[in-house]
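Heads up, the thing below is written out as structure tokens.
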Amino acid sequence: MLRAHAVEQVRAAEAELLARLPEGALMQRAAAGLAYAVLDFLGSAYGRRVLLLVGSGDNGGDALYAGATLARRGVQVEAWLLSSSAHEGGVAALRGAGGRIGRPAPGAFDVVVDGIVGIGGRPGLRPDAVAALAHVAGTPVVAVDTPSGVDVDTGEISGPHVSADVTVTFGTHKVCHLVDPAAQACGAIHLVDIGLTLPEPPVEALQAADVAALLPRPSLDAQKYARGVVGVRAGSATYTGAALLSVSGAACGLAGMVRYDGAPEAAAMVRAAHPEVVGPGRVQAWVVGSGSDDGAEDALRRSVADGVPLVVDADALAHAGLARGRPAVLTPHAGELARMLGVERADVEARWLDHARLAARQYDAVVLLKGRHTVIARPDGHARVTTAGTPWLATAGAGDVLGGLIGALLAAGLTPYDAASVGSWLHGAAATLAARRGPIVASDVARSLPALLGALATP
Ligand SMILES: NC(=O)C1=CN([C@@H]2O[C@H](COP(=O)(O)OP(=O)(O)OC[C@H]3O[C@@H](n4cnc5c(N)ncnc54)[C@H](OP(=O)(O)O)[C@@H]3O)[C@@H](O)[C@H]2O)[C@@H](O)CC1
Ligand SMILES: [K+]
């Protein structure tokens with residue numbers, strides 16, 4: 001599990017460790033990891049030029065000590081101090097190693113190291129930092145701990161900030177490394193272990209091993225009903241494709257049986273494409289809403305009346321209040337969530353985590369907010385972020401496949417929170433697998449699921 005902690009938790013863990021270590025030891029660990037990450041990025045040391053942008057705190061200290069290590073390896077290191085004060089030990093170390101302090105000499109740099117602010121920074125950048133970044137625009141950036149200027153605990157961006165190619169962080173991930181839009185400003189993330197002992201994090205991201213451990217597997221004496229029956233109430237005479245795609249996600253093999261309950265035109269197409277799918281009857285989970293047109297409210301009412309877990313998607317989200325307090329996963333994109341909360345879409349896109357949590361609380365259900373990094377929030381505020389995926393997944397009908405897949409996981413007995421986060425991860429990973437062969441459409445995602453599940457050792 002990839003865990004993202006709050007600054008307050010990191011500070012407490014740091015204090016506990018600092019009390020047991022010689023002075024400066026923790027910063028040396030961080031700086032050593034940073035120096036090797038920069039060397040790795042450069043690919044060689046001798047004759048390369050690195051500019052450190054240094055703020056007043058320990059974030060700048062990390063950059064300066066790492067700069068000293070790089071200078072000793074033959075890198076030409078210059079440090080541009082952006083504040084009237086800078087970490088004294090770090091400045092002395094860089095000078096001692098032959099680094100230069102002051103405004104940068106003319107000529108191009110191979111890398112800029114952003115040591116302006118880390119977890120002690122307030123969102124936004126001061127004018128000096130903005131001017132310094134403009135001066136080196138176009139040079140690759142390695143950010144120390146966090147890209148300066150982003151809001152570390154929320155992933156929000158409210159002013160100028162650094163956009164990094166790599167972010168080297170210490171001890172644990174922070175929320176801004178996972179949650180957009182800040183996560184997009186991090187580039188690739190490299191975690192350096194510095195020995196912190198941390199409590200449960202507020203945000204986490206499932207990894208392949210977590211997904212494999214949570215996947216439902218048939219028992220030795222399995223029978224189809226016990227493995228779970230998932231029912232799909234999606235699609236209509238007008239939107240037959242939504243029925244097919246939702247069923248293709250549900251028919252991933254993770255539940256024992258799929259039932260389809262919808263318009264005869266759609267049902268005929270579903271039967272032709274998926275002969276194993278049967279008609280309406282008892283189910284352990286319902287998937288409701290995609291392409292349901294004006295039948296969405298009725299479909300959701302009937303599904304809620306069954307008392308089983310639900311996936312509420314698309315047209316049914318306008319009636320999501322019917323599912324309040326039920327074991328349910330609501331799967332809006334930003335526009336749908338904005339309508340559910342009565343806010344602007346731009347507000348949701350500026351504050352993903354906050355809005356996903358707000359909706360989860362308000363609807364008393366798990367909310368899966370679809371985006372580049374999908375956020376899954378529980379009513380108690382705990383959240384997971386899906387980092388598996390590919391930009392090719394931004395394609396019509398992909399959400400239908402996701403709804404069906406989550407429904408299968410619910411029917412198989414996963415909690416709504418696990419079903420949503422495992423389903424979202426599988427969906428992203430299946431799309432990534434499919435996109436190896438070229439551009440994809442939604443049905444390619446469903447078609448890639450068996451190979452992905454096989455690789456995760458399902459049987
Ligand atoms: N925790 C750990 O385990 C470890 C932490 N380590 C490292 O320490 C870092 C945290 O260091 P930190 O606490 O000194 O804070 P930091 O981020 O350098 O900011 C400091 C000062 O910046 C200023 N400032 C604020 N906002 C600003 C802005 N927008 N733009 C410009 N300036 C701004 C403000 O001072 P002011 O100028 O307002 O007086 C503030 O006090 C952490 O990210 C990691 O790199 C590792 O070495 C070892 C393990
Ligand atoms: K930084």
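Including glycine, each Cβ sits where the backbone N, Cα and C put it.
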TrEMBL K(+) site partner of N59, S148, selected from D40, D114, D128, D180: D114
According to TrEMBL, which candidate in G381, G397, G399 joins K370, G371, R372, H373, T374 at the AMP site: G399
List of residues, in chain order, with Cβ under 8 A from that of H333 ((6S)-NADPHX binding site) and at least 6 apart: L369, K370, G371, G399
Other CB atoms within 10 A, centred on R372 (AMP binding site): 17
Nonlocal residues around D145 ((6S)-NADPHX binding site), in sequence order (Cβ under 8 Å, 6 or more apart): A30, N59, D62, G118, I119, T167, V168, T169, F170, K174
Additional residues around K(+), ordered along the sequence, whose Cβ is within 8 Å of the centroid of N59, D114, S148: L53, G55, G60, A63, G115, I116, V117, G118, G121, A143, V144, D145, T146, P147, V162
Residues within 8 Å of the K370, G371, R372, H373, T374, G399 Cβ centre (excluding the AMP site residues themselves): H333, L369, V375, T386, G389, S424
Candidates near ligand 1 among the binding-site residues N59, D145, H373, G399, judged by a Cβ under 6 angstroms: N59, D145
